[in-house]
Amino acid sequence: MRDHVEFCYYVIIYSLEKFQQRSKQFGISLFIFFLATAAVTVIVPTLLGVSQRGFFCDDDSIRYEYRKDTITAVQLMLYNLVLNAATVLFVEYYRMQKVESNINNPRYRWRNNHLHVLFVRLLTYFGYSQIGFVMNIALNIVTKHVVGRLRPHFLDVCKLANDTCVTGDSHRYITDYTCTGPPELVLEARKSFYSGHSAVSLYCATWSALYIQARLGPVLNNRIVVPISQTLMFMIGLGISFSRITDNKHHWSDVLVGIFIGIFLAVYTCTFWTDLFSNNSTESETQPLLLPRPPRTPRNSEDEERHRLDAVLPSTDSSIVFEATGPQDSDTILLPVPQSA
């Protein structure tokens, strides 16, 4: 978990520190964000531990057998990385080839090296997607430790002592009990609420679907490709979520809450971090950048008078139009130097 947090931090810093005029301020904000997230993810579980909840002896919802994961945690991480990265790569490549082929794309530099605009966009948008992913993981870990809900297979891995539920009152709530099963399985069996697989899979599906809608929907003539792609993403995400029920890892309510949290975090990330649906982020890639022509150097008395008037009332008709895409920042776009008349 800590390795993934560090990876996300360096990816975003690398992609943004030289590409925006506010790179230093933004980098500091990201550093504080990931530092706080990592601290919460590590410190809170260590201090609080997992909540030790009791159970009813006749509770059939925690008597299911233990099964292995259909989708492991490693596979879930790969799903997140591949889906988001492949989506950004395909969409941005299509835009560059079909939509922006006649537009001068901005040139980017990092440590005196030129970077391709596709590489920059891939790191930028993918980095934004990982911000919400890290928030998702951190929130899930803290919630699991605080709530401590028992998984459906809890009794199967706990292996209670023989005298725990032998009394006549089967509906008695047990708080003092001892598990004789493997400690690592017993510990994991106390982390049912809420489903991390559901939250992550629906976060990735929702973020990718919104990204396609914002970046590809307005420029793609075919009205079938985008809905089909979005439907497939949600089908995969829901399939991963529902597998947690069939694997006896989560109750249905755990999966449902995970789905809603994943969707909410995806919408939040797209709106407030990635800023996909802002007019500024979409129009800046199609609008020309206007640079006022510098006033001419006076050569005689008439030119001196005209120069004085131009300095007071500069004409907008003499502007130089430079087509550019992407954020209009002086650190990211190398503009041609206008020549004096």
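Our numbering is plain: 1 for the first residue shown, then up by one each step along the chain.
Quick reminder: no glycine exception, Cβ is built from N, Cα and C everywhere.
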Site from N162, N279 that Swiss-Prot describes as N-linked glycosylation site, others unannotated there: N162
Contact check, the transmembrane segment (71-91) vs the transmembrane segment (257-277), 3+ Cβ pairs under 8 Å, seq sep 6+: no
Long-range neighbours of the transmembrane segment (223-243), counting only residues six or more past its ends (CB under 8 A): 70-71, 76, 79, 83, 195, 197-198, 201-202, 204-206, 208-209, 212-213, 216-217, 255, 258-259, 262
Intrachain C-beta neighbours of N162 (N-linked glycosylation site), sequence separation six or more, cut-off 8 angstroms: none
